[in-house]
Amino acid sequence: MAEEGHNGNAGGDAEPENFRKIFVGGLTGNTTDEVMREFYQQFGELTDIIVMRDPNTKRSRGFGFVTFAAKSNVDAAMAARPHVIDGKTVDPKRAVPRDDKNRNESNVSTKRLYVSGVREDHTEEMFTEYFSKYGTVVKSEIILDKATNKPRGFGFVTFDDYDPVDQCVLLRSHMINGFRCDVKKGLSKDEMNKAQSNRDRMDRMGRSRGDVRGGHGGPGAGWGGAASTGRGGWGQQGGYGEFRYGGPAGGGGGYGAQGGYGGYGAQQGWGEQSG
């Protein structure tokens, strides 16, 4: 019954960069690229590494990115958490790209996965069996219509860790029992409100500093932006830009899980199915 997930990159042997990249938050203000490289090379070959720096002070802004040669290296790194760099426990996450309509979920990690496209042919046992290949499933739930007792088209899978959710979201869609199911981060209304508050706070910080920020929520597309480091990559203008993953350097807060496809329409509890 178990079938593979899909990310829209079929037809090529090379693993997409986003499957080989991790975001690392909670760095000290003194952490350098070299220190990051020394730590993460134990998990496999590195193709790129960068600690994002304040353009004025040149100190670490508290986060960076590591790109490996293979997804298996990312799997090994995430399996070896916690990571301690420069004497501080840091916050590594898979670098999940995020589309503009789901901008706010990037600040919140979750162990719950939202699954749409649920049909009468699906069972909770099928979900548990399928998603167990990404991590330990604590609970699978298909939401039923109270009147008809038939699936309302969506459900939830809860893991014991946030990383399996990020893995599933990276794949975007999953074929389960012959039917396509799309997945998003299963954020509650309170978590969505927290995500919005975090984003508003970062917007205010950006305006007060006069930063021109692209990429993560800014005017640039994708991961890059106008204030690019010059590295080619996920941004429309290339590079990582002034990436919006968290607070000021050394703050260690507000990083959360990158990307995400959470969101439930009008956010009326769990009642609105995401399209």
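A Cβ is built for glycine as well, from the same backbone N, Cα and C atoms used for every other residue.
Nobody curates TrEMBL annotations by hand; they come from automatic prediction.
Summarising the annotation, TrEMBL assigns domain 'RRM' to 20-120 (among others).
Note on the domain 'RRM' (111-188): mean pLDDT across this stretch is 97. The domain 'RRM' feature in TrEMBL is assigned to 111-188 (among others).
Annotated region 'Disordered' per TrEMBL: 192-245 (among others), in sequence order.
What TrEMBL lists as compositional bias 'Basic and acidic residues' is 192-214.
The compositional bias 'Gly residues' feature in TrEMBL is assigned to 215-241.
According to TrEMBL, the region 'Disordered' annotation covers 256-275 (among others).
Secondary structure counts, DSSP: the domain 'RRM' (20-120) has 27 helix, 35 strand, 39 coil.
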